[in-house]
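*Asks:* In case it's useful when we look at the structure, here is the feature table from TrEMBL:
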type     : residues : note
DOMAIN   : 93-169   : domain 'PA'
SIGNAL   : 1-27     : signal peptide
TRANSMEM : 253-271  : transmembrane segment
TRANSMEM : 277-300  : transmembrane segment
TRANSMEM : 321-339  : transmembrane segment
TRANSMEM : 345-365  : transmembrane segment
TRANSMEM : 372-395  : transmembrane segment
TRANSMEM : 432-451  : transmembrane segment
TRANSMEM : 463-486  : transmembrane segment
TRANSMEM : 492-510  : transmembrane segment
Amino acid sequence: MAFSSRRIRSLHTIVFCIFFLTSLSFAEEASHDGDSPKFPGCDHPYNLVKVKNWVNGAGGETLTGITARFGALLPKEEKNGVRLTAAFSNPLNSCSPSSSKLSGSVAIAVRGDCDFTTKAKVAQSGGAAALLVINDNEELAEMGCEKDSSAQDISIPVVLIPKSGGESLNRSILDGQKVDLLLYAPVRPPVDLSVIFLWMMAVGTVVCASLWSEISGPEEAGERYNELSPKETSNVSAFIAEKDYLDIDVKSAVVFVITASAFLLLLYFFMSSWFVWLLIVLFCIGGIEGMHNCITTVILRICKNCGRKKLKLPLFGETSLLSLIVLFCCVAFAIFWATNRQASYSWAGQDILGICLMITVLQVARLPNIKVATVLLCCAFVYDIFWVFLSPIIFHQSVMIVVARGDNSGGETIPMLLRIPRFADPWGGYDMIGFGDILFPGLLVSFSFRYDKTNKKGIVNGYFIWLTVGYGVGLFLTYLGLYLMHGHGQPALLYLVPCTLGTCVLLARVRGELENLWNYSSEEASSRGSSGDA
């Protein structure tokens, strides 16, 4: 399929701005400290709880709840839990002594009319072994307590579940069926294999994008274009002469970050399922082009004659059969992913589309020197920290985390993330990294490879290998931050920018090459190299 150089630059300028908005690494957390105050007897962390249920002996869907600041701690393993019969409090709000028999059962109450500690004391005085509170919405709210609530006297576990889970239990009990419950709070493992695979995917994408010119050099690019979209020789020469990449300058670097901030705010205030669908469509378009570019490049690199068979189509004119087949396959792949994006395996399709897209974007967008890299990465550094850590001061919640998780979009999540399931986690979920965490540092790493190649630098005395190592170390520090902050979203560029840009500047300063890198021009270097060869 024929794509003009101008179309490629236009499309990727849009993609470049939109997809940089997510620069975040995070994992869903199983416990957190919360914002409610702590007092003696009311200082437990909030832990997620698995609520297994049986209706007349038949196992039902396991519900998810959250513990209170107070009360007894739940066992961490299912085998240590106790299966108990569920019973409704009467009155249902559990704000006054219950007239129904609660002895040795899990008391079920609804939220409202009195505080949580009062409900727990009433249930405990009635002989209940635990209290299950049904929330009035689908959120898992924090159950705190007042300073003078004598929460230390509560010796039964207290758990809150969403409204939908409570309604399910309610229907079963009202139908006269026996409902048994078992409560336990499994702990998320400190390290999961998913982190290692995600690290490898991110580093591999940056390295692959940097080395892509070795797969598709100028000669191959011109030949591939000639095979996929044959035109007159003059047109081919013009295409090759025309730059098919976007040089970033200082002004555009600042504009990119401002545009990403504006788009992030737009998503935060107006995110909905249709808005996310718009992003999904844009993601699929970029992913299709990225896959098409990567696959045809690899195939023609292996088999240069594979693109010689041509077809003449009404709208596209003469085009390569290979290009057409690859395009149809890419479109089918993207459509399949979009229609099955909620499936458990959809993460693989999203990652494939995303990696191909980022490899292509890093071929189109290029940094000319360290001066532009410093402006871009420093702006991105501030952008990432502000929207993750400082935005709660203004918006009362982290804008970046809200957008990345899709909290305001009816369950839909934006696709500008690489994600991989947590294999050994009893809670499941995903570890994720935003496209911005790969693309921003990737621009600098790609520049270092081009600089080393043009200036004939070796592996040790060059910059590429050291910046690649710096990027890997930065990702490791990001995941260390995730671990130390119990899965709370981390602005990955906080770690990646010092480990890549800082490494580059420090090496250049030590080697006395900082001024050259700061004002470097690839065109001037190429012309000097040509003159020297002559």
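Placement of Cβ uses the backbone N, Cα and C atoms for every residue, glycine included.
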*Asks:* State the non-local partners of the transmembrane segment (463-486) in its own chain: residues 6+ outside its ends, Cβ under 8 Å from one of its Cβ atoms.
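*Replies:* Distal contacts: 25-27, 29, 31-33, 190-191, 195, 199, 202-203, 206-207, 210, 433, 437, 441, 444-445, 448-449, 451-452, 457, 492, 494-500, 502-504, 507-508.
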*Asks:* For the transmembrane segment (432-451) and the transmembrane segment (345-365), decide whether they are in contact, meaning at least 3 CB pairs lie under 8 A, counting pairs 6 or more apart in sequence.
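*Replies:* These two stretches do touch.
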*Asks:* Express the predicted model's confidence over the domain 'PA' (93-169) as a mean pLDDT, rounded to an integer.
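*Replies:* Within the domain 'PA' (93-169), the model's average pLDDT equals 87.
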*Asks:* Other than its close neighbours in sequence, what residues sit by the transmembrane segment (372-395), given a CB gap under 8 Å and a spacing of at least six beyond its ends?
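*Replies:* Contacts of the transmembrane segment (372-395) (Cβ under 8 Å, skipping residues fewer than 6 from its ends): 20, 23-24, 248-250, 253-254, 256-257, 260-261, 264, 268, 401, 436, 440-441, 443-444, 447, 489-494, 497, 500-501, 504-505.
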*Asks:* State, in range form, which of 253-271, 321-339, 345-365 has the highest count of Cβ pairs under 8 Å to the transmembrane segment (277-300).
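*Replies:* The stretch I would name here is 345-365.
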*Asks:* Per DSSP, what is the helix/strand/coil residue tally across the domain 'PA' (93-169)?
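*Replies:* Summed by class, the stretch gives 20 helix, 14 strand, 43 coil.
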